[in-house]
Structures are given as structure tokens and as C-alpha cells.
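Annotated Zn(2+) binding site per TrEMBL: CYS88, CYS90, CYS110, CYS113, in sequence order. The N6-acetyllysine annotation in TrEMBL covers LYS65, LYS83, LYS118. What TrEMBL lists as signal peptide is 1-20.
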Amino acid sequence: MASRLLRVSAALRLLPAASARAVPSRHLGVPGNLASDEEQATGLERKVMEAMNKGLDPYSMFRPKRYAGTKEDPNLVPSITNKRIVGCVCEEDNSYVVWFWLHKGEAQRCPSCGAHYKLIPHELPH
């Protein structure tokens with residue numbers, strides 16, 4: 001079906017009447033002239049793509065930045081409320097997670113390893 005359509009469209013281009021008409025700027029059969037993702041995106045997908053092009057991370061989709069975990073450079077935890085539960089894997093080879101509540105204010109320490117965490121406000125883009 002597709003090969004037949006391509007043959008017919010190629011034959012129509014050779015006709016003199018077809019050349020007199022205005023040719024559309026995009027041909028779906030020509031490589032490199034397809035609409036890009038940015039041109040096709042609408043709604044929420046478009047907002048996310050525009051934010052990502054500006055270097056923003058609207059829905060925290062990217063891996064969080066690594067911090068030292070000290071009192072001067074705590075791990076930043078975004079939250080839309082004034083508290084959030086946090087899980088800390090204190091050592092790389094641990095098979096358990098230490099869970100604790102993190103409240104808005106100054107940095108708090110993990111009760112097991114002593115790494116510092118700080119809650120920061122986060123607003124949803126919509």
C-alpha cells in the first residue's frame with residue numbers, strides 16, 4: 001500500500017498541472033522533513049519539553065544532584081508540604097533502608113549514619 005502511494009505521488013509530481021500548484025512545505029515521504037517532537041507536542045507534554053529545553057526539571061524526572069550530606073552541604077529534599085518521609089541507605093551494600101520524617105526548617109540528621117538532609121519547598125508547574 002505504501003509503495004503504491006509513493007509511486008502515485010511521484011507520478012503526480014511529473015505532471016505539468018501538479019507543478020503549477022503550490023507544493024506543501026512538508027512531504028511525509030521525504031527523509032528529514034518530518035515534523036519534530038517539539039512541533040507535534042501539545043498540552044502537558046509541550047510544557048514539559050519547553051521546561052526541559054530551558055534546563056528545568058518540572059516533575060523531578062532527573063536524577064537528583066549529589067550533595068556531601070554534611071551540615072554545611074545537606075542533601076536537599078523537595079516537598080510540597082512542610083514534612084516528608086525520607087529513606088536513607090546508609091552504606092552502599094546495606095540491604096535495608098532507614099526511614100525517618102524530615103520537617104521544614106534546619107537540616108536534620110539520619111538517625112543511623114548521620115547524613116544531613118534539608119527540606120526545601122517545591123511547587124508543581126501546573
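Residue 1 is the first one shown; counting continues down the chain.
Positions of Cβ are set from backbone N, Cα and C atoms, glycine also.
The structure, with features from TrEMBL marked on it.
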| residue | record | contacts (Cβ under 8 Å, 6+ apart) |
| --- | --- | --- |
| LYS65 | N6-acetyllysine | LEU76 |
| LYS83 | N6-acetyllysine | TRP101, LEU102, HIS103, LYS104, LEU119 |
| CYS88 | Zn(2+) binding site | VAL97, VAL98, TRP99, PHE100, CYS110, SER112, CYS113, ALA115, TYR117 |
| CYS90 | Zn(2+) binding site | VAL98, CYS110, SER112, CYS113, ALA115 |
| LYS118 | N6-acetyllysine | PRO74, ASN75, LEU76, VAL77, LEU102, GLU106, ALA107, GLN108 |
Note = Sparsest Cβ environment (other Cβ within 10 Å) among binding-site residues CYS110, CYS113 belongs to CYS113
